[in-house]
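> Got these off TrEMBL a minute ago, pasting:
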type	residues	note
TRANSMEM	6-25	transmembrane segment
TRANSMEM	37-57	transmembrane segment
TRANSMEM	63-83	transmembrane segment
TRANSMEM	104-123	transmembrane segment
TRANSMEM	182-203	transmembrane segment
TRANSMEM	215-234	transmembrane segment
TRANSMEM	263-280	transmembrane segment
TRANSMEM	310-332	transmembrane segment
TRANSMEM	416-435	transmembrane segment
TRANSMEM	442-460	transmembrane segment
TRANSMEM	466-484	transmembrane segment
TRANSMEM	491-513	transmembrane segment
């Protein structure tokens, strides 16, 4: 049975790409990839939101829905007379690529990006994600949905496990919903990332770039840390950004077609509108870009706006998209009584124009300083002083923003990285090198997107994750100036891309080695050993493991294979005290996640009238003594966690 589920999980994206009708002309294969990935993402959103809303998000129902989708795609292929597409008008040959130095350079860049992505996929398949956000709230919320069969709220100490729209994690959590665990879940993210890379290439062609320059833009985009470094990071941001890029491909393609059944017909308009709605369903931070893009698309397609079929398709897609957005945000409303996520959710937004400008200024400063993050550890001693001068002057180090000073330091990270060595300081020069008539519109588009994704959110060093559409614009800008396409000028963007790819490969390799060290005994990712988890699962007899902790990597207790579920022990709503786990009903085993400290961090049950963290830490020594006095015994113990079980079952 597991083999069949694995086949469903792996084959579905291939079937989606194959089901898209082939086209001709430059970029046909890329457009087919983009539309296939868009179809794949739409199917996952439809299945996940639909089953979760009606309380049927179980392995059996999810597998049945995937099987139906795969059968429908097979039927579409059979009706079309097979899934074999048309040959490209100018097929690429390896010999042709190797004839020129530029071709060799592009092949090398592509190989570097592929190596970095493959390494991330391999590590994720073996051990699951090691990304902090993934472990703290993405994976736990997916596990909770799978265990409960839907999106109903549950006690949790981490606001993000309930207070964020569900669509992004519905997409990436498909493997968990199939009952396969979360090791290997990066495969879905890799497909969507490839779709985004292909969309940048297709957009470049539609904007008039020659094929080699469009390839370079796509590879540069892929080398950015916010894109290529986040394949195994439960990257819901690319799930939100990709539909926008795919919609841009459609909108740019429409004026080139005339037939109703082509990309310029009602189906194309419906797809563009639906994709834009899917972006908002995944991330509210892209709402302003969606609105600006819709206005630009309406102007571009004004010659077709009077066609009744176009209007009907756009309205129908808008209604369907609105339903998806509502389904993604409805669990937040059920938990908090509003779509913002209560006081904590509202606190994530800026308060007034002044704070919005400070947030955008801090994001720009962080982008400017990003290359400094690649300094070796021994040469980073001056960074804290720089952070104090820059961000203190901008007024974003205030305690109410809840961001530690060290978090503002530049660092090659999937959390805070943007464009690595492709410095934003080159932006004025790149715009100036454009043809005179293009400078104003290009600069206006970039500024609007930057403000759209940075101004609404309170100042934080992680806003670069939300800027993927802007990073696509930036990658295209690096290859767009005519002077950079001639003679020696073309090697400037190639050199920048090579530096970024080298940084991507180096940081991916380092993080793989570093995380492997942290998995060893006594390190941050060491929770249970290989033999301890099966023993614990046998003691639990299908019951969940009760956990006392503040939301830091507790999912590592169950591990990617997930032989048992987790149940957080939190403060009762409206109180600041926690009933000790030894006095709780329904707990046959409890894990105390202390991380080597004398006190165990906890959190208030959500939603709560007080902010998370109001529940005081629990002293570890008295808690251990109380458990021992009540007849509990230790099953596993290390520098990160104690696991206690009732009676003598854990004695060793």
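These residue numbers are counts, starting from 1, taken along the chain as shown.
Note that Cβ sites are derived from N, Cα and C of the backbone, with glycine treated the same way.
Just so you know, TrEMBL annotations never went through curation; they're auto-generated.
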> With CB pairs under 8 Å as the measure, which of the listed stretches 6-25, 37-57, 215-234, 416-435 comes out on top against the transmembrane segment (104-123)?
215-234
> Pairs 6 or more apart in sequence, C-beta under 8 angstroms, 3 or more of them: is that satisfied by the transmembrane segment (63-83) and the transmembrane segment (263-280)?
no
> Could you tell me whether the transmembrane segment (466-484) and the transmembrane segment (215-234) have 3+ CB pairs under 8 A, leaving out pairs under 6 positions apart?
yes
> Do at least three CB pairs under 8 A connect the transmembrane segment (416-435) and the transmembrane segment (491-513), leaving out pairs fewer than 6 apart in sequence?
yes
> Are there three or more C-beta pairs under 8 angstroms joining the transmembrane segment (310-332) and the transmembrane segment (37-57), sequence spacing 6 or more?
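Judged by the Cβ rule, the two regions touch, with the required three close pairs present.
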> Are there residues at least six beyond either end of the transmembrane segment (310-332) with Cβ under 8 Å to its Cβ atoms? List them, or say none.
45-46, 49-50, 52-53, 151-153, 162-167, 170, 265-267, 269-274, 276-278, 280-282, 301, 304, 338-341, 345
> With Cβ-Cβ distances below 8 Å as the criterion, list the same-chain residues six or more beyond the ends of the transmembrane segment (263-280) that contact it, or say none.
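Residues packing against the transmembrane segment (263-280) from afar: 23, 35, 38, 41-42, 45, 167, 240-241, 243-244, 246-247, 250-251, 253-257, 286-287, 289-290, 293-294, 297, 301, 304, 307, 309-310, 312-314, 316-318, 320-322, 324-325.
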